[in-house]
């Protein structure tokens, strides 16, 4: 009899929870319409995989890319709408969040074509790869719009779990297995420290989890200057540091880059930084409003270490993957300048502008490396010597992307850095901007060193990889070259037409 009553209570409770969830989705589903499109795409991929045959594999790419493009379109139609908080305060929709979601979707859309040929050649499971990419994209999008501590913790875990699996996707490769394990351990440590900081915020604010309510709770409890807030600040900064991978939290980055598939590295190197930057901006700006001087100091230290160590260590690398890993550490140092400047001097607008250019520069570089790696099987920088003599288009594309990463005019990277540094200078961050300028000059050195190798015509310097270089006849090359061409153009042209881009970025401010 007791068991029967308990069973009835369980059914009633489950039904009540389901009805509440259905009610929330029914009345708030339109606010997450771009995310719902990706969820529909995931379901469609699973259904199609269970009924399709091997020859239908191109449809998987089509479904994934179409869902991403439709999701981008839905975001664009929602642009400039009034900010809305939905799902009982758990999710916020505004221009600032949507621009970061757009950057993540754009990166995912451009990354999928990079994986086509490699997966076809190795006969790896295509459905699982695309499912992980779409799920990681979904997690990143929810993180950008998260408005409470629980969602801010769960959403990046959705992203991270897929990233752990993607980093170890080539299960027979020992380096890939090692990269996946190292990434899992470091990511788990970062998440644990992050949630520890959240617990201090939750307790100090009187049990509040929404970002704005945490500020009100700290005022009501008079705990905004307590030691607990200092512990929360340190824990959250360290936890976010593992996600953004600035120095000194960068140790896992080169090893994971080197051991993982190139197209995953291209995807992860940007989406993780975009999502974590959006999350860091909201947490630090709102929940830790009363400790702004302290977190400014912490971020300044991280930015200086990242710009110096990232660019210095990149000079010594012989692997293209590891060089780009250390380069990305330096790049996140520049992005942190925009976070520190904040809303007052167009800091967020400069950060968004630079991230948009960084997507094209970085993805263009990775597209070139993917093509070269597929045709030669090597990742060594020395083996790029003389590539211009065999494939001028690929060599010039790689050179343009590297020069844009270095920040040489009139390419997009120059104008992105110029705007970022100018905003930092206007905000009084003279020392930080000076370090950024010096390290940018330093980065040009190792980028030019690679370009010099590309353009050399001396036979004694050309390795057998380039001497025996052949273009692949596979039709899927077109998709990689298309992504590469789009990224090269985007790394070059926007420098000439900055005003519309700046206007869009400034529209996103709070």
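Any Cβ shown, glycine's included, is placed from N, Cα and C.
Your range for transmembrane segment, going by Swiss-Prot and the list 260-280, 323-343, is 323-343. Between the listed ranges 99-119, 204-224, Swiss-Prot ties the annotation transmembrane segment to 99-119. As annotated in Swiss-Prot, transmembrane segment covers the listed stretch 418-438 rather than the other ranges in 418-438, 439-459. Looking at which of 99-119, 124-144, 295-315, 323-343, 354-374 has the most CB pairs under 8 Å to the transmembrane segment (418-438), the answer is the stretch 323-343. Counting Cβ pairs closer than 8 Å to the transmembrane segment (395-415), the top stretch among 99-119, 124-144, 149-169, 323-343, 354-374 is 354-374. The stretch from 149-169, 183-203, 229-249, 295-315, 354-374 with the most CB pairs below 8 A to the transmembrane segment (99-119) is 354-374.
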